Amino acid sequence: MKLSLPALRNTPWFKATSGQWRYALRNTIAMCLALTFAYYLNLDEPYWAMTSAAVVSFPTVGGVISKSLGRIAGSLLGATAALIIAGHTLNEPWLFLFSMAAWIGFCTWACAHFTNNAAYAFQLSGYTAAIIAFPMVNIVEITQLWDIAQARVCEVIVGILCGGMMMMILPSTSDGTALLTALKNMHARLLEHASLLWQPETTDAIRSAHEGVIGQILTMNLLRIQAFWSHYRFRRQNALLNALLHQQLRLTSVISSLRRMLLNWPTPPENSREVIEQLLAELAKPRADSYTVARIIAPLCPQDEQDYRHLAFWQRLRYFCQLYLRSSRQLYLIESGAPVDQIHIRRTPGLARHTDNAEAIWSGVRTFCTLTVIGAWSIGVQWESGPGALTLAAISCVLYSIVATPFKSLSLLMRTLVLLSLFSFVVKFGLMVQITDLWQFLLFLFPLFVTMQLLKLQMPKLAGLWGQLIVFMGSFIAVTNPPVYDFADFLNDNTAKIVGVAISWLAFAILRPGSDAVKSRRHIRALRRDFVDQLSRHPSHSESEFESLTYHHVSQLSNSQDALARRWLLRWGVVLLNCSHVVWQLRAWESRSDPLSRVRDICISLLRDVMSERDVQQRPLAVTLQELQRICDTLAHHHQPAAHELAAIIWRLHCSLSQLEQAPAQGTLSPGYLMTPQA
């Protein structure tokens, strides 16, 4: 007994925490209920209800609601498209094939073009149409089209309802609590990030930390969406939460700007590091106030009016303190449940994002070509299991066109299908042939699914494999009503599914997604185009919108293995963002002195000469940097205080642009170019 006790403790059932048990039981009961209800509703393929319940098994209430709404909308759209296409083209195989391939290719483009629920809905509409329409090629009566379509949609809705009901019975962590906790943690992490970036060193760890902070803030936007659906309180506070995310992005920009000034400041005060550490320690306290912070940073107040570098750093540091204290106060009010009208915060739109249209179109073309090749082969050889291959190929192309590593995902799916083929053969022809009642089969499924759900949570490295095994198990076991046990059909169908995924893998290998270097160049060019727009009199993006758009560009390569492409995308984003903040500050800067106003306009025109959508002009850049330095030195000796403030702003612009002196040549990102990883 002593020997067996440690072994029992290492089993997934004894290792599981209460939260893991709640998650596993909730999802397992939902899947079993979905299968049961689909059977009693006499739906012909009830396993789709079980699969639908597995797909919407999100760990939070808001995630389940938002995912369910997207799934219902996508299923209805896909079913409608399948009915229209099949109803008009079913007697013409080639027209049917091209129409379906075009629709699923369009859905692939759309899910890459949009984000969150809209992207998920288009994903569902693409492979729902494939699930419904491709098996229709074997039907004889046209009236069966409606029966098949409504059965698939009903099965999906049954699974969603069961998943939602179990989430209400066994609820998990509140989305609002998760969002507020993430906001508070990020608020505290920004101080640690400031302490790291304001060091004089330049290492890869700084660049990685900057990318990590940007990615985490943008990820919190997904938590905001889930909280929006989970509780009416967060729907009322949605604009405020958006503003908080923008403020955290602005704090990140200010930290980067202060770092750039410290690196370009020849003689900073000797006590600057000591004062900064005291400041960060005070800001980390829950009850930090403006008076105490002002006393701490007072030793850094510039004494020489002509020292524009010191003045620029001082003004930006004060702005950072004010913004951080304001965010702390607003976070406290939101967490304490204060009424919306008592929280004085500037309402801002949602975070902006950029769509790589070239990559989205290429993904749609790849899907169209893949389905056309498989369909042509099926028609040419009269392959009865061709619909199965087409369905899995459609699912693979739609799902993995937007992931960072499609080959890894497709290889994992292939591994899943092989394992499920072997397992489903044993279950179907070893167990199910001996079962006469549904409850007997559920007695087998329940402990199996509970164990698989627990293993998915306890084995993070294999979570993707366990998740796919759970989702695809229903379609491989194929629990139909009435049950069918035909070994030849079983073998052909499973082979077709594996072949469909294999051809999809081949399509990704031939019609490869753009390399990270190519994507980086496209993002950099889009950044420059948007920045040139910022220099116009009436820019299309506000300061906050351009900031969030820039950070969205930077985050697109956060998982890339091409360090050079990531580094230059981050550098361009930081440079253009710092320059845009200076431009907006120059616009807001006013003086009664007409010569000073003309100097301000000259600085903005110098930026237009340096920057274009295609590249940065190196000769004008060097001349511009010299001219900006000359302007700063001249204004420093001006008798008006406004001139000193203008010199400080222009020096910030000089610090930001100096990073581009080693920019790579147009259209290249070659490792041969000298680059320093200064984030």
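Cβ atoms here come from the backbone N, Cα and C positions, even for glycine.
These come from Swiss-Prot:
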| type | residues | note |
| --- | --- | --- |
| TRANSMEM | 23-41 | transmembrane segment |
| TRANSMEM | 46-65 | transmembrane segment |
| TRANSMEM | 72-90 | transmembrane segment |
| TRANSMEM | 94-113 | transmembrane segment |
| TRANSMEM | 120-142 | transmembrane segment |
| TRANSMEM | 157-179 | transmembrane segment |
| TRANSMEM | 362-381 | transmembrane segment |
| TRANSMEM | 385-404 | transmembrane segment |
| TRANSMEM | 411-433 | transmembrane segment |
| TRANSMEM | 438-455 | transmembrane segment |
| TRANSMEM | 462-481 | transmembrane segment |
| TRANSMEM | 496-515 | transmembrane segment |
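Non-local neighbours of the transmembrane segment (72-90) in the same chain are 96, 99-100, 103, 107, 120-129, 131-133, 136-137, 142, 145-146, 149-150, 152-153, 156-157, 160; each lies 6+ residues outside the stretch with a CB under 8 Å from one of its CB atoms. Put simply, of 23-41, 94-113, 120-142, 362-381, 462-481, the stretch with the most CB pairs closer than 8 A to the transmembrane segment (496-515) is 362-381. The stretch in 94-113, 411-433, 438-455 that contributes the largest number of Cβ pairs under 8 Å to the transmembrane segment (23-41) is 438-455. Listed by sequence, the residues of this chain that lie at least six past the ends of the transmembrane segment (438-455) yet keep a Cβ under 8 A from its Cβ atoms are 12-13, 15-16, 20-21, 23-25, 27-28, 31-32, 35-36, 39, 427, 431-432, 462, 466, 469-470, 479. When each of the listed stretches 120-142, 157-179, 362-381 is scored by C-beta pairs under 8 angstroms to the transmembrane segment (94-113), 362-381 comes out highest. Here the transmembrane segment (411-433) has Cβ contacts under 8 Å with residues 392, 396, 400, 441, 444, 464-465, 468-469, 472-473, 476-478, 483, 485, 487, 490, 494, 497-498, 501-502, 505 of the same chain, all six or more residues outside its ends.
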